[in-house]
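J.: So TrEMBL says this about it:
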| type | residues | note |
| --- | --- | --- |
| TRANSMEM | 21-42 | transmembrane segment |
| TRANSMEM | 62-81 | transmembrane segment |
| TRANSMEM | 93-111 | transmembrane segment |
| TRANSMEM | 117-143 | transmembrane segment |
| TRANSMEM | 150-174 | transmembrane segment |
| TRANSMEM | 186-206 | transmembrane segment |
| REGION | 218-242 | region 'Disordered' |
| TRANSMEM | 342-360 | transmembrane segment |
| DOMAIN | 343-563 | domain 'Major facilitator superfamily (MFS) profile' |
| TRANSMEM | 380-397 | transmembrane segment |
| TRANSMEM | 409-426 | transmembrane segment |
| TRANSMEM | 438-459 | transmembrane segment |
| TRANSMEM | 471-492 | transmembrane segment |
| TRANSMEM | 504-527 | transmembrane segment |
Amino acid sequence: MTSGTQNKNTGASGSNVPDGGWGWIIVLSSFMIHFIMDGITYSMGDVFLRPMMDNLNKTRGPVSTIFGILPAITLATGPIATIFTNTYGCRKVTIVGSCLAAFGFLISYLWANIWFYYLSIGIIGGIGFGLIYLPAIVSVGFYFERKRSFAMGIAVCGSGLGTLAFPAIMPYIISAPLWFDYEGALLLEAAIVFICVIFGAFMIPLPQEPSEVRRLARKARSDAKRQTQKEITRMNENKEQQNKLIQNNEKGDIPLEQLNVDDIDINEESQLDKIVSKEDDEEIVLPRKDATYQGSLHNIPLYNEDQDEYHRQMLNVNEIETKKSFFGKIAEQIDLNLLKDFSFALFAISNFLTSLGFNVPYNFANDLAGDANVVQHKRHWIIMSIGVSNCLGRVIIGYLADRSWVNRLTLYNTTLIIAGISTMFAPFCNSSVATHMIYASLFGFFSGGYVGLTSIIIVDLVGVDKLSDAFGVLLLFQGIAVAIGTPVVGSMRDNLSDLARPYLWPYLIFGGSILLSGLILFAIPILKRRQERQQKLTKHQLQMGVLSFSKQDLSAPEQQQQI
């Protein structure tokens, strides 16, 4: 037990966070994982929609369902990936996820069937991607604190560059006879996904990571058991010797004064058995709560005041929990009690509305350009524009979010509003590819900012100590919405094919849902002020980064100074 306590203290100190060194290899690994995973996911509709429709003799609705299932399952796997990452570590989970996703894409090469694609690409590939995605973020969070915002910014830029590269390369592979149409491209993508095994192997665990703390605690318990067994064996041997002496004494062979039983404690063995039993029942659980936070930790008041106490709060140093079932752990990751907070519930609804339309420009930009008679070889430029602008948006908007003079919620709302308006503008574009690239660039820039700001706004609303639980709830909302949005747009396009602009209503409706998701969040300050009038924020909430909306004239740093 002593060893377990020492391990916890070591993990809590936070002194082992490199903020550089091998951490930059972790950033590179995360960058490449985002490059591959998001590059494939976001380019699926652009690359495979028309070829699959022709080969499978299916309409857009059934085919686009593949592209909806893949990201939906990726998101839904988030809570499961959290449990596995805390238990086994980023390295093992990434390697297993890479193998699983590669296997899904590999077997899709074997049978061209729409239902088989739902299973192989959508479900198996989605689960694999879900297991890859979380460690790619969390691993950077473990290696960086002071430079975390900068490191995270570099890592997630891989998403935009992947969206730039795959639409540029894959169409030429599909059209090359060597690759036997789009099935060969799926086979190639399986090989590319498998490369993530290498980047997962680079994720060397730090001593304070939950999986390492658990491993060391397990080792300490094993050593304690081994020592206990030695003591029991020694006592049994002594007991046998004493029994022999007593038996011999009863026969009168050995004088009584030669017997020495002073060192035998009849309760000692039962006490050691209790220790063994107790070691079996207890399990140390230390998930780091801020691992997915993409903003600067200087936004968190407690981090500025007392970093040791902050680390203890983030690592649950004093918590020792009994073993729970797998489903019980999943339930912990999706804390629906957070929805009792009206402002967070509104934020969850906003994320649902955003996710309904978020993947639409990615999956249908090429098909929309075809309806507008854009030159075929230029249609891929549209989604490539999303990729480039997405990188810029993540960096620039992420930088603005860390400025003290910026209202982060207003910035977040603005990104959603402009992304929604640009999506609604898309069906009005003409045969000039430049008009399509304008809406695509606006959507990419501001949607990239939205993704980077999400964790920051969560902390502003509920605090960094509840970030992981809140993300579990949002992933549930996002996963359901993504599974709905893409197939519905594809089906609507099929049913409205007689119109001059078949994508008009689908884009207006789902772009409007993104616009609405930003507009409704302007009610959060009102809800927060009403809530604070009824119950003031506690010191702990303020230390965890929850913003007081009743102090409208104060910036976040000024609020921190008043704690």
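Placement of Cβ uses the backbone N, Cα and C atoms for every residue, glycine included.
Note that the coordinates shown come from a computational prediction; the quantities given were computed from them, not determined experimentally.
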J.: Give residue numbers and ranges for long-range contacts of the transmembrane segment (438-459): same chain, 6 or more residues beyond its ends, CB-CB under 8 A.
T.: 152-153, 156, 159-160, 163, 292-295, 299-300, 347, 351, 354, 358, 361, 365, 382-383, 385-394, 396-398, 401, 408-409, 411-412, 414-416, 418-419, 421-423, 425-426, 429, 466-467, 470-471, 474, 544-546
J.: Is the transmembrane segment (409-426) close to the transmembrane segment (117-143), in the sense of at least 3 CB pairs under 8 angstroms with a sequence gap of 6 or more?
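T.: When sequence-distant Cβ pairs are counted, the transmembrane segment (409-426) does not touch the transmembrane segment (117-143), since fewer than 3 lie under 8 Å.
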J.: Could you tell me what the rest of the chain brings near the transmembrane segment (504-527), counting residues at least six beyond its ends with Cβ under 8 Å?
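T.: Residues packing against the transmembrane segment (504-527) from afar: 342-343, 346-347, 349-354, 356-358, 360, 364, 368, 409, 412-417, 419-427, 461, 485, 488-489, 492-493, 496, 549, 552.
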J.: Take a look at 62-81, 93-111, 150-174, 342-360 and tell me which one has the most Cβ pairs under 8 Å to the transmembrane segment (21-42).
T.: 150-174
J.: Take the region 'Disordered' (218-242) and count its residues per DSSP category (helix H/G/I, strand E/B, coil), listing them in that order.
T.: 25 helix, 0 strand, 0 coil
J.: For the domain 'Major facilitator superfamily (MFS) profile' (343-563), would you mind checking the mean pLDDT of the predicted model?
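T.: Taking every residue in the domain 'Major facilitator superfamily (MFS) profile' (343-563) and averaging pLDDT yields 91.
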